[in-house]
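For reference, TrEMBL has these:
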- 41-471: domain 'Major facilitator superfamily (MFS) profile' (DOMAIN)
- 1-24: region 'Disordered' (REGION)
- 40-62: transmembrane segment (TRANSMEM)
- 82-101: transmembrane segment (TRANSMEM)
- 108-129: transmembrane segment (TRANSMEM)
- 177-206: transmembrane segment (TRANSMEM)
- 212-233: transmembrane segment (TRANSMEM)
- 268-289: transmembrane segment (TRANSMEM)
- 301-321: transmembrane segment (TRANSMEM)
- 333-366: transmembrane segment (TRANSMEM)
- 404-429: transmembrane segment (TRANSMEM)
Amino acid sequence: MATPDKFTPDHAVVDKTSPSSDEGIPAGALKKITKVSSTVTVLVSGLALFSDGYNAQIIGYMNPLFSELYKEGMSSTIKTRLSNSYLIGEIFGMLFFGFLIDKIGRRTGIVFATLFLVLGVIIATAAHGTTQLGMFWMMIVGRGIAGFGAGGEYPTCGTGSAEASDESQYVRRRRGILVAMATDFSIDLGFVVAGIVALIVLAAYNERTSSGVWRVCFGLGFVLPVTLFFFRIRMIESSQYRKHAMKKSFPYLLIIKRYWKPMLGTSLAWFMYDFVTYPFGIFSSTIISSLNPQDTLVQNIGYGTVVNCFYLPGCIVGGFLMDWIGRKQTMTLGFVCWAVMGFIIGGALGPIQTITPLFLILYGIFNAFGEMGPGVATFLCGAESFPTPIRGHFLGLAAAVGKAGAAIGVFLIGAAFALTGGLISWLLIPDRERDLESEDARFRAYLESAGYSGEFGESLEKEIKTTAFKV
């Protein structure tokens with residue numbers, strides 16, 4: 001229960017927009033429409049973010065195919081740009097649609113986010129060019145557009161599912177698990193299904209590397225968003241948005257003055273979560289390939305899918321914990337358990353890696369702790385920490401800051417280790433004279449001052465007698 005402050009009203013806020021906008025609609029009919037729309041919103045939000053998870057993950061499974069099929073065009077630079085284009089598109093989409101859904105409505109934002117996602121997936125799937133490099137650049141552009149639409153899904157689905165689960169006291173008490181299932185669980189399920197689909201398509205091609213493999217896998221990514229589009233255009237705005245929307249102007253200075261602390265908290269928490277989880281996602285293929293001596297594509301995808309499956313129970317447990325002990329309590333617990341598990345694995349990595357099932361289980365539990373806390377709580381904390389008129393702004397901002405952490409996490413980790421190495425070398429390594437005699441003399445003086453009276457040196461005459469030198 002939040003502690004009331006001096007701005008807490010002593011009466012219920014009256015919905016001043018309903019009498020004019022809902023005139024002529026019977027109360028019973030309006031209640032039924034709202035209930036159905038809220039249910040559809042939660043379900044569609046989950047399916048939409050599932051689609052985003054699939055589209056984000058499938059590129060990682062296709063990169064090895066690209067390297068084999070297109071040796072002239074596929075370079076380390078192109079591989080990086082293929083991965084980053086979707087991520088950078090997401091950042092811009094989160095910021096843009098976060099503002100848009102507060103300004104002109106959740107429903108409008110959802111529709112346009114879906115259109116961008118579908119357009120980008122189609123462009124990437126149909127990518128061609130007179131050269132392999134040209135084809136990859138078309139794919140990069142398509143992935144960027146799809147990322148822009150997928151980024152818009154984060155604030156639209158996050159705010160939509162949170163507000164839809166506020167329509168009744170019964171549902172409100174279960175908002176934690178509902179939002180967890182409609183957001184992070186759905187994204188992670190998309191990761192898992194991406195691996196399963198990739199394995200099925202590869203099996204259909206008899207594990208042959210063919211352009212048809214990646215085109216089918218990419219193309220399946222727009223089936224669900226197109227289907228969901230027809231449901232989304234029939235949705236209505238949430239009761240909270242219809243009651244509190246500020247469509248004309250936003251007093252940003254007053255908003256920041258009041259909400260700077262939760263803005264900082266939700267953004268930095270999401271940054272820290274993505275800062276850790278995305279580099280591990282990048283390195284996981286390297287980690288898994290070390291357990292796979294044959295290093296086959298099917299085995300790597302299979303192992304990766306198994307590890308991703310551990311995300312799902314973490315999301316479910318975190319959803320129930322948010323309703324039981326609280327949102328930020330769950331996030332804090334998840335961060336702590338995540339850190340403890342990381343120390344355990346890191347401290348015994350050598351012997352653990354020799355037992356493949358044990359390593360996969362421990363590594364999976366490590367990932368599950370990340371989803372149990374910050375994975376599920378970032379969405380709900382970002383939605384509940386701010387009022388309805390600016391909820392999209394700040395949820396989109398927090399998600400964008402998180403993705404920025406994902407984009408720079410690998411480099412910052414490398415920079416942090418490099419800086420640590422510099423400090424270690426400066427503080428712990430002595431700056432000696434060029435001649436070795438100086439330190440030898442100091443060492444002998446040190447030993448003598450401590451009472452040591454042993455012998456030093458060796459006779460050259462005796463040494464020569466054991467060699468081929470003649471005096």
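Note: Cβ is positioned from N, Cα and C throughout, glycine not excepted.
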What residues in the same chain, six or more past the boundaries of the transmembrane segment (301-321), come closer than 8 Å to it by Cβ-Cβ distance? 57, 60-61, 176-181, 184-185, 188-189, 191-192, 195-196, 198-199, 202, 284-285, 288, 291-292, 329-330, 333-334, 360, 363-365, 367-373, 375-377
Same-chain residues near the transmembrane segment (108-129), Cβ under 8 Å, at least 6 residues beyond its ends: 48, 51-52, 55, 89, 93, 97, 100-101, 135-139, 141-153, 155-157, 160, 215, 218-219, 221-222, 225-226, 228-229, 232-233, 235, 392
Restricting to the domain 'Major facilitator superfamily (MFS) profile' (41-471), report the mean pLDDT as a whole number. 83
